[in-house]
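Annotation comment: Swiss-Prot describes 1-15, 381-392, 450-461, 518-627 as topological domain 'Cytoplasmic'. Positions annotated as transmembrane segment by Swiss-Prot: 16-36, 360-380, 393-412, 429-449, 462-482, 497-517, 628-648, 669-689, 693-713. Residues annotated as topological domain 'Vacuolar' in Swiss-Prot, with similarity to another entry given as evidence: 37-359, 413-428, 483-496, 649-668, 714-976. Taken from Swiss-Prot, the feature N-linked glycosylation site covers Asn96, Asn121, Asn189, Asn212, Asn217, Asn656, Asn768, Asn796, Asn811, Asn866, Asn937. As annotated by Swiss-Prot, Zn(2+) 2 binding site applies to Asp168, Glu201, His300. Positions annotated as active site, proton acceptor by Swiss-Prot, on the basis of similarity to another entry: Glu200. For Tyr299, the entry in Swiss-Prot reads site 'Transition state stabilizer', with the evidence type similarity to another entry. What Swiss-Prot lists as region 'Disordered' is 528-610. Annotation source Swiss-Prot lists compositional bias 'Basic and acidic residues' at 582-601.
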Amino acid sequence: MKLKSVFRSVLKYRKTNLSLLLLITYSIITLLYIFDHERYKLNLPKEDEHPEFNDLLETAWGDLQIITASFHPYTSKENDKVHDYLLKRVLEITGNSSFASVSDDKESERSILFQQQDPFNESSRFSRVTYFESSNILVKLEGKNPEEEGLLLSAHFDSVPTGYGATDDGMGVVSLLANLKYHIKHRPNRTLIFNFNNNEEFGLLGASTYFNHSWSNLTKYVINLEGTGAGGKAVLFRTSDTSTAKIYQQSVKENPFGNSIYQQGFYSRYVRSETDYKIYEENGMRGWDVAFYKPRNLYHTIKDSIQYTSKASLWHMLHTSLQLSAYVASNSLDTADQTPACYFDFIGLKFFVISAKTLFYWNCIFLLVSPVVAIGLYLISRDRMTWKSHSWLSWTRFPLSLAAGIIVQKLFSNDIIRSNPLTFSRNYFWPISAFFTQVIFTSYVLINCSNFFFPCADMKSLSIIELFIILWTILLFTSKLLYSSDYRYTGLYPLSIFFLLSTIAAILRLLALALGMRTRKRLGRECRDHHSNYSSHSQIDMERDGQENLEQPQDQFTSSQDDQASIQDDNVSTTSAGPSHNVDEDHGMDSSSQQHDERVPLLKGSNSMEEGLSTRENSLKLEYTDYAWIIQFLLIVPIPSFILFNSVDVIMDALNHTVQEGSKATFDVLRFGMVGSILMALPILPFFYKVNYITISLTALLFLISASKTLLVHPFTNSNPLKVRFSQNIDLSQGNAASVHVLGREGNFLKPMLQDLPSIKYSSTHINCTSVTNGMELCMYDGMQPNLLSTNGNTNISSMVKVHVLHNNRNSTERSPYEPIVAELLLEVKENRACTLTFESRHQAKSPVREITVYQKKNSAPQKANITKTIKSASGINELQLHKLDFDQETYHIGVQWFPKLLTDGNLEDDKLGTKDELSVSISCYWGEYDSESVVNGTAVRKIPAFDELINYAPLSFSFTNEQKGLVIVKDAIIL
């Protein structure tokens, strides 16, 4: 009996037990979180157990070390070295294989000229034409069943000018090499194409060029490997539909990692990045975008190097892609369900998939059935007189306490915006923790103050029912969003799970009431908001509620003080006969026990049937009221808390560093943090008012620590730096001054850093900082001249870019006024791979340019061409982007045709000055090499000393990346 008493005491609904269960729940969630983030590091293949996988990993790691030895953007000579190394490795791997073929775009001189929407800004109305000379390396492995639709595996081998490209996208490239090596040994059933593509960083151009190759007709599916972060685990960033998500589920059995929340966030443009997957998807391919995604403040910086990644990260991407490609290559695929997918993994052990459309249907069923069942059970309990009526104050205290918590949270968020808006960049845990603890602490204080003055017998049950109503409203709203987005809001699934579990808990409570014992008469309100005698009695019992004397004896009708305190919520007998009797939730006294207490008024009425309850009936009642709360707790708290915590962590982990990219992103992250913390608090709010003083004291202490960290700690550190964008601009039309542009977030970060640079501190150099759009700040100053070329004479920067007009018939008397104007330009640019021409007319609202011709020069004189590529646009062309491979070819030969003003507006007017048909052409050419030297007059000098100075002297709390496709931009302008 003593053991039974101890067991029952441990499971009673009392403060200590509830607090302990909350501690256990959050401890388990924390351990699962750590397990999820660390487990992949322990799963490296061992040579004695998996020799083939171990060899693939070690070889891939060696390849990664070689290709990331230096910066290798498309605009650099190192880019060619990486291309040549990859080609050598591909030829080594394929060897004399009878089913392998290799195609090198550089050798075949493949180029494209096409009209392109800005891939990084879908809202842009800027009309762009791009010319690109490709050096993609393609490998075809002909399958045993070549009639099956083929699979493309793709990764890009270029980096940005400021990063070594270990994660972006070196690990993707070496994973492709490992996949190639594996499939050479294990011939696939379906044809595989490998695309080691170039120049993804500045236009997704390598992927675009793929569709100019005949092999593109063989492939229907794609696995794109990418890195939009700097290490960690490779996530299934997005996938085409439910069928492809299920293929991932069936194939990636070890360490699956994916969440459709990422997919929704990416498509909603909360992340200002893009991958080659966009191009493949737009061209009708279906597949998987597997990518590294964090941390963004190291992405595209010098810390995207092999020092900041690991074999564990490489193996996670390599093994994921290998499992997926091996499955797709060898199995027939069920691809019928093409609706968007909701998917997530459980700590890397299990992967779950459901169609977003199916989820919507289930939501509709939940929304329709749950209120019908709830209302039906309520009416039954009313009819059976087992429903206890409650005052309006009892019904409103939970929603009002929640509303008060949200209001206080909003006030606190205003303090964050005023004092430390970028705090999420350093550590999103502290602001989320502050929001979370503030909401639950506010609720605790308000509910307990209300209970002190106006005690309520059934607070937990009322709160659970009201939580059900709140979540029903939220689910209705999110289901509408899901439907209106054509089922593309795939990150809303956690709310469906939360609603389902909370509904079960609420229905169980209503079911217990409906099946409870019928009373002869209504027992009146249990939440006695008046009756001072009862209130004083209740207050005494509330004080006793925290005591834990397990040895206290019990008679057959009354329990110990802790027993009575444990009966707070579930006031329904589970017996098959006899009436239910009232139980005061927060005061621990039922009507049968009250008659033995001298504090109960002598004239107080009692139910005669209650007085006759048998010992067995009372025992059954105590069992139910002791343990039913545990079922409700286990339904509402652990699983929803874990899913919501994981969802908030997924969002913040991907977005917290985007606060550095503008004020809009800052407000987005703040809003996600606020809403996420409220959702995380909802599962425990129906119970939290009951925790003991130790728990609430720790909650208050955690809030104070979190709030202090959030408001007072500097947002940037060595490990979480502020990412700043650099470019050095030389405008030849305004002189040869080499103006340094440094772009970053507002907040007095940039200017103090720049003022401490030696070239500025010991000179009279002026720094001009101005606010630009979206909360960004641009600082400019005259920096040290770049040394882009090796020379034996004085470096003349004006010789870097020269523009020659070969032909222009604008003022020709032989041209009809209704005839388009034609001009030819020759750009002479030294050791260059990328230039941009922008067209503008001062007299026409839209660009009048309708046709562009690129003359491809091979071995002929600069004025001649072997091949021409022409593109036309009826809507006008604003910009021409040029990308060529040959550094020794120092010219771009361009033809431009534009409409005179007469053709665009039909207004024949005098043009005495002869300027109305003028076309302004702005030329910008880019150089991306900085970690190398030029030899000037026999002396080795750094190419971009202004950037070196920033790298060497800026605090470690800053990191640097390129603002444009080159670090040095030389500009000029002409009028045609």
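Each Cβ is built from the backbone N, Cα and C atoms, and glycine gets one as well.
Location within the structure of each feature annotated in Swiss-Prot.
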residue	record	CB count, 10 Å
Asn96	N-linked glycosylation site	5
Asn121	N-linked glycosylation site	12
Asp168	Zn(2+) 2 binding site	27
Glu200	active site, proton acceptor	28
Asn212	N-linked glycosylation site	15
His300	Zn(2+) 2 binding site	27
Asn656	N-linked glycosylation site	28
Asn768	N-linked glycosylation site	10
Asn811	N-linked glycosylation site	10
Asn937	N-linked glycosylation site	11
Practice prompt. Look over the recorded stretches 462-482, 497-517, 628-648, 693-713 and say which has the most C-beta pairs under 8 A to the transmembrane segment (16-36).
Written response: 628-648
Practice prompt. Sort Asn656 (N-linked glycosylation site) into helix, strand or coil using the DSSP assignment.
Written response: helix
Worksheet item: So of all those recorded positions, Asn96, Asp168, Asn189, Asn212, Tyr299, which one's Cα sits nearest to Asn656 (N-linked glycosylation site)?
Response: Tyr299
Worksheet entry | Using Cα positions only, nearest of the glycosylation sites to Glu201 (Zn(2+) 2 binding site) (Asn212, Asn768, Asn811) | Asn212
Worksheet item: Out of Asn189, Asn217, Asn796, which has the highest number of nearby Cβ atoms, where nearby means within 10 Å of its Cβ, if these are the glycosylation sites?
Response: Asn189
Response to the item:
Across the topological domain 'Cytoplasmic' (450-461), the model's average pLDDT, rounded to a whole number, is 85
Item to complete: For Tyr299 (site 'Transition state stabilizer'), write down the residues of its own chain that are at least 6 apart in sequence and whose Cβ falls under 8 Å from its Cβ; none is a fine answer.
Response: Gly163, Thr167, Asp168, Gly227, Thr228, Gly229, Ala230
Item to complete: Show, in sequence order, which residues other than Asp168, Glu201, His300 on the same chain lie with their Cβ within 8 Å of the centre of the Cβ atoms of the Zn(2+) 2 site.
Response: Ser159, Val160, Gly163, Gly165, Asp169, Gly227, Tyr299, Asp304
Response to the item:
For the transmembrane segment (393-412), the distant same-chain contacts (Cβ-Cβ under 8 Å, at least six residues beyond its ends) come to 434-435, 438-440, 442-443, 446-447, 450-451, 454, 456, 458-459, 462-463, 466-467, 470, 527, 529, 674, 677-678, 681, 685-686, 707
Discussion item. Going by Cα-Cα distance, which of the recorded positions (Asn217, His300, Asn768, Asn811) sits nearest to Asn96 (N-linked glycosylation site)?
Written reply: Asn217
Practice prompt. Compute the C-alpha separation of Asn811 (N-linked glycosylation site) from Asn796 (N-linked glycosylation site), stating it in Å without decimals.
Written response: 33
